[in-house]
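This report concerns only the one structure given below.
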Amino acid sequence: PAELPALPTALFVFLFFQGACHNVTSNQAPAILQARRTLTLQVGDALTHPCVVSSLTPVGPIKWVLVTPEKEQMVVWDFKTAGSSRVTLMADTTQSYYGDFLIIISDITLSDAGFYYCVKFKKGSPKDTEISTEEGIQVVVVGYQEPAHLP
């Protein structure tokens, strides 16, 4: 099947707020909007993908997680570790009622293939608790990659 074009972030946010953001209370888990699609990228491309969270409450971090057959779950980006030098998060939390967390991964490699999820956590002690996630985006990476050279 043909791949759907990416929705501009502004349209993403508009459609999201039409149904997800009304009357969010502190007892409700925030809704997360991520396009459910498969992206096919070439080695060396960049991945840019938005995630909109309907509410920043309850207090807790937003994390981008990668799930692959080899690694059950790996945090790609969070505010504590700030990810790798290839991963950037463009976060807009200036609105008190929602947050926009756009992830950019440059210089895609074959090991970047898998399912990416934007996850909202509730701050806890000793461990944060996952409260919201969405289906995520599947990233397929094609192309030739030079093998790593051993010293």
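Glycine too: its Cβ is placed from the backbone N, Cα and C atoms.
Per TrEMBL, domain 'Ig-like' is recorded for 30-132. The signal peptide feature in TrEMBL is assigned to 1-22.
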- line: Taking DSSP H, G, I as helix and E, B as strand, the domain 'Ig-like' (30-132) contains 3 helix, 48 strand, 52 coil
Field: Mean of pLDDT values spanning the domain 'Ig-like' (30-132)
entry: 83
